[in-house]
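Asker: Residues or ranges marked as active site, proton acceptor in Swiss-Prot: LYS35, TYR253. Among the features that Swiss-Prot reports, substrate binding site is placed at ARG130, MET305, with the record citing sequence analysis. Residues or ranges marked as N6-(pyridoxal phosphate)lysine by Swiss-Prot: LYS35.
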Amino acid sequence: MPRPIQAVIHQPALANNLDVIRRKAPDARVWAVVKANAYGHGIRRVFAALRGADGFGLLDLNEAVLLRDLGWQGPILLLEGFFQPQDIALIEQYRLTTAIHCDEQLRMLESARPKGPLAIQLKLNTGMNRLGFHPAEYRAAWERARAMPCVGSIVHMTHFSDADGPRGIAHQVEAFDAATANLPGEASLSNSAAVLWHPQAHRAWVRPGIILYGASPTGRDADIAGTGLQPAMSLHSELIAVQDLQPGDTVGYGSLFTAERPMRIGVVACGYADGYPRHASGWGEQRAPVLVDGVRTELVGRVSMDMLCVDLTPCPKARVGSPVTLWGQGLPIDEVAQASGTVGYELMCALAPRVPTTVATITASDSAAPAVA
């Protein structure tokens with residue numbers, strides 16, 4: 001028999017989250033961002049639920065080809081553009097839209113000889129300082145791109161650094177509007193946080209990522225309470241052993257947790273080789289939350305490669321075989337991430353290939369039925 005650990009991707013939750021985004025930005029078209037294999041959920045697994053988007057945004061050419069193989073005929077945006085001149089032929093073959101963010105990409109594009117015009121998104125650096133043309137250079141870059149016979153439509157694009165924080169986006173929107181003033185073309189500015197909290201930046205296209213998967217851009221689940229977003233990934237396992245501890249007994253590598261009273265602990269078939277964070281706290285003030293038999297409890301001790309331990313005090317009837325939820329419905333991934341010094345994005349993307357993954361599919365009645373991925 002296989003180990004009892006299993007991840008579930010919930011297609012109804014994905015479809016719901018796309019609907020939430022539509023309601024938040026009713027006048028914008030939606031790029032569903034599926035980079036990093038759909039934030040660890042799997043492009044194949046999420047496609048059916050997200051095909052109601054207006055387009056898909058990603059990084060990898062192979063993932064773009066996969067979307068075409070799955071039957072997607074709509075727009076696909078390469079968020080980092082291309083890296084080699086030979087990539088341009090594939091962009092044309094698979095009818096992709098490409099970001100252009102630097103002089104090197106413009107030079108490669110100038111040397112290209114595609115048979116038809118390519119759709120591009122010209123990226124403006126408004127303060128993130130990763131990719132994009134400086135505002136003082138942007139108009140010249142646009143004019144250069146506009147003069148190329150191989151360039152069709154040009155969308156103006158930027159990315160917000162603080163849409164989820166107190167600094168906000170006003171300074172970046174101001175820089176964007178100044179740099180693109182009187183230039184024709186649509187605009188794409190909003191990431192997940194801007195979709196939720198900055199409607200003035202929605203413009204023609206929005207690019208939601210983390211909220212498609214039901215987690216918070218801030219890393220705090222409380223910040224998306226009331227939005228209607230639902231977790232699209234859950235991670236489950238079972239207790240494989242139970243231990244009785246006496247005061248002074250310690251748990252796990254490094255003996256970081258010491259029992260202060262008689263207590264029962266459960267051993268769960270899940271460890272850092274499955275993608276659960278090794279740095280999740282099982283000692284001190286803020287221990288990582290876990291559900292056992294649907295009851296909330298906490299980690300004890302250090303997470304090891306294949307196992308972790310939990311306090312069974314709140315669930316005295318728990319036994320070997322009792323179900324465990326590591327994150328998912330009833331236990332937001334952001335809470336686990338906070339107790340691990342990271343963000344939900346990282347936990348999603350870190351789910352290990354050895355974890356069996358099933359899909360709760362969308363049916364005609366909009367109910368969920370399990371299917372093997």
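Cβ from N, Cα, C; glycine included.
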Asker: Whole-number answer please: how many Å between the C-alpha atoms of MET305 (substrate binding site) and TYR253 (active site, proton acceptor)?
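Answerer: Computed Cα spacing between MET305 (substrate binding site) and TYR253 (active site, proton acceptor) is 11 Å.
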Asker: What whole-number Å value do you get for the CA-CA distance of TYR253 (active site, proton acceptor) and LYS35 (active site, proton acceptor)?
Answerer: 36
Asker: Between LYS35 (active site, proton acceptor) and ARG130 (substrate binding site), how many Å separate their Cα atoms?
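Answerer: Per the Cα atoms, LYS35 (active site, proton acceptor) and ARG130 (substrate binding site) stand 17 Å apart.
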Asker: Using other CB atoms within 10 angstroms as the count, which residue among the recorded positions LYS35, ARG130 scores least?
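Answerer: Lowest Cβ count within 10 Å among the recorded positions (LYS35, ARG130) is ARG130.
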Asker: Let me know the DSSP-derived helix, strand or coil state of MET305 (substrate binding site), please.
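Answerer: Where MET305 (substrate binding site) sits, the three-state DSSP reduction gives coil.
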Asker: Give me the count of other Cβ atoms within 10 A of the Cβ belonging to TYR253 (active site, proton acceptor).
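Answerer: For TYR253 (active site, proton acceptor), the 10 Å Cβ neighbour count is 12.
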